[in-house]
Every structure is written in C-alpha cells, then in structure tokens.
Ligand code: NAD
C-alpha cells in the first residue's frame, strides 16, 4: 500500500508558490487570520497556518477579537480588514460565537480575498465548475493529494462520506468537475458499507473515530481520511480504523500527516493566487 504523505504534496505546492511569489518583485502576499475567542482548535490551526505561510515566503497577520464581541463591532472590524488594501486574503475561523450570524462574514467577504471559500459567490463558482473561484482549502487539499500521486479521478467511482459545506459538498463538486462518478453519503444513507464497497476512491469526512474499517474497503481502493478527531486516549486520529487497511487499500492518507498538512499548504497557495490576481 502506498502511504499518501501530506508533506510531499506540501513541498510540491511550496515550490509552485515560492516561484510565483519571487516573481512578484517585492510585493509580499499578506493574509489576515481572523479569530474570535480562544478555541484550542483555532489556536492550533492558526499556529500551523502562520508557520506555513511564512515558510512559503509570505506574511500572515493575526486579528483576534474577544469571545463576547457584539455583532455590530465584529461587522465593523471585519469590514476594515476586508477593505484594507494591504491584505490580499482572509481566513476567518468558524464557527463564530452565537451572537454573530455566520452569514454576515460569508456575504461580506470580498470573494477575491476569500482564502477558504466561504462566500456564496465562491460556492457557486465551484458548483458551476468555474476555475477562478476559491474552494474550501480542505476540499482542495484532497484534490491536490490525488494530483500529486497521479491518481486521476476521471471515470472512477468516488464515495464521499459527509455533506458539510466545508468538506463533503465542495469536494464532491471538485471531483465531479474532474469527471469522477460521485456518491455523497451522510447520516441518513442506508447500508453505508455496501455503498463504500463500490468505491474506487473512498473519502471519509464524517468526523467519527474509526467509522471506516477494512471491511468497508475492497482490494485496491484509495482511502482518503479527512477526519481529525481525538480518540479515547487523547490521541489525534482520523475516521479510518487503520487495522487491516494496509492489506486491502492500494493507497491511503495517514492522520496526522495526511490531508490536514496539505490544507494549510492550499491556504498558502490561495493567498499567492489572491495576491497575483490583484
Ligand atoms: P460536519 O460535522 O460538519 O459534517 C460531518 C458530515 O458527516 C455530515 O454531513 C454528516 O451527515 C456526515 N456523517 C456524520 N456521521 C456519519 C455517519 N455515521 N455516517 C454517515 N455520514 C455521517 O464535519 P466537517 O466540518 O465536514 O468535518 C468532518 C471531519 O473532517 C471532522 O473530523 C473534521 O475535524 C475534519 N476536518 C478536517 C480538516 C483538515 O484540514 N483535514 C478540515 C476540516 C474538517
């Protein structure tokens, strides 16, 4: 079984991005990373994103607001970041606290600065198969892994478990745009195992520890594990139970070290694209 390593995909993206950045004649693409509150997940993602953007030769500025910020004040602050000409791209951590309507930043964000594809304009572009939209970074990270390992989804049966706006849905559209035959599964899917066993490529993005096992996988399947969970021992793990997977799958992504590490590289790539387009 081939281990699909995120680090290798990330270094390929780094080479592409640094070449474009060095041709920008002194302009350093700059991201705003916007966080409300102190959620540990956000803090950890923020650290990784800042590190990755710096290692790709670009800049990231962090904007932090208190958990209890009012909707009006958040709107004012977010508008200022959005309109700041020094900012090429924005990453906003979500979910936001309940006093802020999540649709507010989704509709406000300049689609050209929307690094994680939260604007309905970018969703529509991904849906329509237009090339100049920004997809959510995690969905695109899966596509980058397939591309880097020369796994062409065209004509293949791909099963995606999960239908969220962050992963499952946009990823299904990207796969469809790449000519895959896509089945989207969710909590109401009947006989999930039978559906999984039809897959040439199986993507687990449910956020459920060990929900995909070797029995869900037919010999030769490519298994992509998007899940980032914590098991009962406090260890980071995906949605795929690893025991026995090596014996059936032809290739699989590890957790950690798989999709997650490519997600921040795609974020950096989007920042470079956003700056280049401006
Ligand atoms: P979500 O909770 O919004 O969506 C989960 C989806 O999975 C839902 O559509 C649900 O219908 C489906 N689902 C849940 N349990 C299921 C089951 N038993 N059978 C079939 N379908 C089921 O989660 P999300 O934001 O899409 O994230 C999914 C996972 O991906 C999480 O573990 C999350 O931490 C991880 N994630 C990873 C990255 C990354 O960079 N690798 C980024 C975002 C999310």
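Cβ coordinates come from backbone N, Cα and C, glycine included.
Residues or ranges marked as NADP(+) binding site in TrEMBL: 162, 163, 164, 228. In three-state terms derived from DSSP, residue 164 (NADP(+) binding site) belongs to neither a helical nor a strand segment and is classed as coil.
Per TrEMBL, domain 'Tetrahydrofolate dehydrogenase/cyclohydrolase catalytic' is recorded for 4-116. Sorting the domain 'Tetrahydrofolate dehydrogenase/cyclohydrolase catalytic' (4-116) by DSSP state (H, G, I as helix; E, B as strand; all else coil) yields 55 helix, 19 strand, 39 coil.
Annotation source TrEMBL lists domain 'Tetrahydrofolate dehydrogenase/cyclohydrolase NAD(P)-binding' at 136-277. In terms of DSSP helix, strand and coil, the domain 'Tetrahydrofolate dehydrogenase/cyclohydrolase NAD(P)-binding' (136-277) has 53 helix, 26 strand, 63 coil.
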Per-residue Cβ crowding (10 Å cut-off), top of binding-site residues 162, 163, 164, 228: 162
Whole-number mean of pLDDT values that fall within the domain 'Tetrahydrofolate dehydrogenase/cyclohydrolase catalytic' (4-116): 97
